[in-house]
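Novice: Got a structure here, written out as structure tokens. Questions coming.
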Amino acid sequence: MGGPGAVVADGNEYAGLVRLAGPWWKNRRLLALNAWIALMLITSTTNGYDGAMMNGLQSLTQWEASFNYPVGPQLGLLNAIQNIGCLAAYPFAPYMADGLGRRFSVGFGAALMCAATVIQTASQNVRMFIGARFLIGFGLTFAQSAAPLLITEIAYPSQRGQATSLFNSVWFLGSIVAAWTTFGTFNIPSSWAWRVPSALQGLPSLIQITLIWFAPESPRWLLSRGREEEALRTLAYYHANGNEQDPLIRHEFDEIRANILRDEENRKNVSWLTLFKTPGNRRRLRVIIAIAVFSQWSGQGLINISPLITRQSTDMLQNGLLNIWNFIIAITAGLLCERVGRRTLFIVSTLGELNSMVVFWTLQTVCMSQYTLHNNIAAGHTVIAFICECCPNSQIAFTPLIVSYTCEILPFELRAKGLTLFFFTVSISLIFNQYVNPIAMQALGWKYYLVYVCWLVFEAIFVYMYVLETKNRTLEETAA
């Protein structure tokens, strides 16, 4: 194996090592690797399906009738219980990912979600449904806290940024399927109108449970467990068609091993407090928490007023079309992350959100008042058009990049805990949107938009000052 020289190859040399001889889809091993990555992406798709399905079910009178038309605190609990399940699992998820492996953690979470969807589909009362929703959230945390780690740590170097950026982006794919499924079952006169979407929710998890055990484990995790030969074989098989002496494999393996061995002593004493102990870790933590909060507190929660101006079926159709639009923007931006750069996309996204809040939300307020006071249907439809104009700005960075950027800037020994903390922060921010935004909108009306304008100015300044570029670097270089 290569010595120290293999660890510190300069940028030009490394770029030459990762340059593929032809299209990746013509390389059988890379095709297989990306198929395994697609299997990990299913976790995010399941999450997207779940969120959109619950929104869709609340538009179904059949679902409401099955649970005695839940309102008030009971309806609030039905919406929040999945998030509560996620919160309950956060303290344990990183220990499973680090202790038993990324692959096992994904399989464990998928198994819990699969069992929960069976209970949810068969629910005979609201307590049974709530219990199933809690278990879905609990299992989701284990799967989504490990799947991005595995993607980041097994992807071909030149494809790592795009592959990990797809994780959050395919959330919309699940959301699209759920929105159109509930739209399709809308006219079923029985409880199967909501049981069919519930049953289909378990299909992605079932696929994961069946296939996950054949997927490769993270070479970095294998090295951290002293399984060097297995790690080398995995890298060589997927990144160099099995050639363990390939210069790229020598560079990758030596760099990963050097970093794992260097941090071995620190890894024995890693705890949640380690995230706060050094200036470097505190800088990472500051950025991770910030982008997690920004992803939810940029005004997206305010678009929920749109159902006020649409009929039940029209609302479901609108949600389905909006999800398709968001999916296209997020996928496109994620695939451009290596060419354009993460920092540039974050800046463009933040400034776009600020522009949307100042211009489009102002126009929306005028149109909404015209609809409310004069029942002006054209003004109501204009509101929907503004929503379609505003949403893509968030999808440029705060959908595709937030998970991948978090994984990139964290060192191996903190990656699982840091990513879990990221998802925890997202959950807390979502709870804020669910409970505070409606109250504030009722109390302040259009003035509440000004709060978000000021907040978005802060976001733009923070992103410009603290979000650094990570493109064209190895995972170990970025996390150093």
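In case you wondered, yes, glycine gets a Cβ from its N, Cα and C as well.
All TrEMBL annotations are machine predictions without curation.
So TrEMBL says this about it:
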DOMAIN    36-471  domain 'Major facilitator superfamily (MFS) profile'
TRANSMEM  30-49  transmembrane segment
TRANSMEM  104-122  transmembrane segment
TRANSMEM  128-151  transmembrane segment
TRANSMEM  163-186  transmembrane segment
TRANSMEM  287-309  transmembrane segment
TRANSMEM  321-337  transmembrane segment
TRANSMEM  344-363  transmembrane segment
TRANSMEM  418-436  transmembrane segment
TRANSMEM  448-467  transmembrane segment
Novice: Based on Cβ pairs under 8 Å, which of the stretches 30-49, 104-122, 163-186, 344-363, 418-436 lies most in contact with the transmembrane segment (448-467)?
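Specialist: So the stretch in question is 344-363.
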Novice: Cβ under 8 Å to the transmembrane segment (104-122), counting only same-chain residues 6 or more beyond its ends: which ones?
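Specialist: Those are 40, 43, 46, 93, 96-97, 128-129, 131-133, 135-136, 138-147, 150, 195, 198-199, 201-202, 205-206, 208-209, 212-213, in sequence order.
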Novice: Mind pulling out the one from 30-49, 128-151, 321-337, 344-363, 418-436 with the most Cβ pairs under 8 angstroms to the transmembrane segment (163-186)?
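Specialist: It is 30-49 that shares the most Cβ pairs under 8 Å with the transmembrane segment (163-186).
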Novice: Sort out the residues at least 6 away from either end of the transmembrane segment (321-337), same chain, that have Cβ-Cβ distances under 8 Å to it, and list them.
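Specialist: Hits for the transmembrane segment (321-337): 52, 161-162, 165-166, 168-170, 172-173, 175-176, 179, 345, 349, 387-388, 391-392, 395-397, 399-401, 404, 471.
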Novice: Other than its close neighbours in sequence, what residues sit by the transmembrane segment (344-363), given a CB gap under 8 Å and a spacing of at least six beyond its ends?
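Specialist: Sequence-remote neighbours of the transmembrane segment (344-363) are 291, 294, 298-299, 302, 333, 336-337, 382, 386, 389-390, 392-398, 400-401, 449, 452-453, 456-457, 459-460, 463-464, 467, 469.
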Novice: Mean pLDDT over the domain 'Major facilitator superfamily (MFS) profile' (36-471): what is the value?
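Specialist: So the average pLDDT across the domain 'Major facilitator superfamily (MFS) profile' (36-471) works out to 86.
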